[in-house]
2 protein chains.
Amino acid sequence: MLTLILAEAALETIPEELWSHASVRRHSKRRRKSPKQLILDRSLHHLAMKRIGNDLKRGRPDITHFVLLEALGSPLNKEKLLRVYVHTNQDYIITINPVTRLPKNYTQFIGLMEQLFEHEKVPHEGETLLDLKHKTLQQFFSETKPSYVLAFSTQGKSKTIQDVVSVIQPMKNPTVIIGGFAHEHFKEETARRANEIVSVDSEMLEAWTLTSRLIYEYEKSISLPTKRLHKPC
Amino acid sequence: MLTLILAEAALETIPEELWSHASVRRHSKRRRKSPKQLILDRSLHHLAMKRIGNDLKRGRPDITHFVLLEALGSPLNKEKLLRVYVHTNQDYIITINPVTRLPKNYTQFIGLMEQLFEHEKVPHEGETLLDLKHKTLQQFFSETKPSYVLAFSTQGKSKTIQDVVSVIQPMKNPTVIIGGFAHEHFKEETARRANEIVSVDSEMLEAWTLTSRLIYEYEKSISLPTKRLHKPC
């Protein structure tokens, strides 16, 4: 079983400082929702975002979208050998039911995230697919007690993904942290949670590329590609 | 050098049969463009699409978007060892300049595709990044003369991606075809272009997952991950 955490993900509702900005008010009117019900998106709120701190690390819900599509569509997830969580830049933890079929369409995904931030779970009734709780990574780890936590960062020690996986795969409950943002690095409080920080390329890889490669190497380390090919249909 | 073709991609402008449909007219009004300038999108034109043939294989520009992000962001592309083409369901070939930085945001990507279908190249002036030509796969291959063409399809022979790559990597100009649609299979005229058709999982993998895994295995086959880690920054 592999646990993947997309950490400090650039996914949040529009912060109060921006509610009065013209671009936010226009967006709010068009969507017929109040600004606090809308997801912050750099492509829409770029100008407004200059008002907030740390703006380069925020407003990129597309990263979470692509990472989740890569993770949930993987054979590893179909075999129920993957657990995926999103930790946001504002310390929310989203728990994702492995049977979730996320919308592939970005606009629909944003609609789903708006519902999630408003109601803290999706769907309203029946089996919960997505669940949102205000929680730090530290609180999360004190509950889940991972045996080993590895984080990917260009600031880490050089190592290939294959080498990383050969070390963590035999462990009982290994957890891998991937950054859910486009610029800069992990906060000190996130980096401190990792037993090891590893850099797998000379340049920063996109979060979805890292996700896909990590999951694939993990599948290979347990011979899943061959096993699934020989599975009776 | 690896050549990747996303084939029969579900990427087209709204076909004439749908221009009079209420949902298309609403969309056209909102976007202030005529329907023929807009990209067909199942999430917007679902009801209208019942009017057209083969509708399950059409209206999924998100697949092309995500595949191109995976391909263009890969270390293989950064090393200029990857060529990517999109062949659409209506026999257009899009040639992608490897230096292209595609918009990550879906709405902006759609805007770019609208420009491309209207002007047949993007940008208007300066170095061409995307170029669109009406051309069948057969015409394309008679020009590019690939040494070997391999296609992925659940209808193919069972083989792992690693085995596939070990066979094609030593070749001079190998080409891999991945389907750019969500349901059904390649047309007979596409399948006929392949020297070999291979199935790499018991279920259909998403096009972006296949893309990412293929490129990564190809990188590994030429020791790129290790080489790049030891590259001076």
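Just so it is clear, glycine is given a Cβ too, placed from its N, Cα and C backbone atoms.
TrEMBL labels come from automatic prediction, so no person has curated them.
Keep in mind that this is a model prediction, so the values were computed, not measured.
Now, the feature entries from TrEMBL:
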{"type": "BINDING", "residues": "A:Gly179, A:Val200, A:Asp201, A:Ser202, A:Glu203, A:Met204, A:Leu205", "note": "S-adenosyl-L-methionine binding site"}
{"type": "SITE", "residues": "A:Arg60", "note": "site 'Interaction with substrate rRNA'"}
{"type": "SITE", "residues": "A:Asp62", "note": "site 'Stabilizes Arg-xx'"}
{"type": "SITE", "residues": "A:Arg101", "note": "site 'Interaction with substrate rRNA'"}
{"type": "SITE", "residues": "A:Lys104", "note": "site 'Interaction with substrate rRNA'"}
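TrEMBL feature annotations superimposed on the structure.
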residue	record	Cβ contacts under 8 Å, 6 or more apart
A:Arg60	site 'Interaction with substrate rRNA'	A:Ala10, A:Leu11, A:Asp41, A:Arg42, A:Gly180, A:Phe181, A:Ala182
A:Asp62	site 'Stabilizes Arg-xx'	A:Tyr106
A:Arg101	site 'Interaction with substrate rRNA'	A:Leu72
A:Gly179	S-adenosyl-L-methionine binding site	A:Leu6, A:Ala7, A:Glu8, A:Phe152, A:Ser153, A:His185, A:Phe186, A:Ala207
A:Val200	S-adenosyl-L-methionine binding site	A:Phe152, A:Ser158, A:Lys159, A:Thr160, A:Ile161, A:Val164, A:Leu210, A:Arg213
A:Asp201	S-adenosyl-L-methionine binding site	A:Thr154
A:Ser202	S-adenosyl-L-methionine binding site	none
A:Glu203	S-adenosyl-L-methionine binding site	A:Thr154
A:Met204	S-adenosyl-L-methionine binding site	A:Thr154
A:Leu205	S-adenosyl-L-methionine binding site	A:Phe152, A:Arg213
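The C-beta environment of A:Lys104 (site 'Interaction with substrate rRNA'), restricted to residues of the same chain at least 6 apart in sequence and closer than 8 Å, consists of A:Leu69. In sequence order, the recorded positions near chain B (CB to CB under 8 A) are A:Asp62, out of A:Asp62, A:Arg101, A:Met204.
Overall, the recorded S-adenosyl-L-methionine-binding residues A:Gly179, A:Val200, A:Asp201, A:Ser202, A:Glu203, A:Met204, A:Leu205 cover a maximum inter-Cα distance of 16 Å. In the three-state DSSP classification, A:Asp62 (site 'Stabilizes Arg-xx') falls within a helix.
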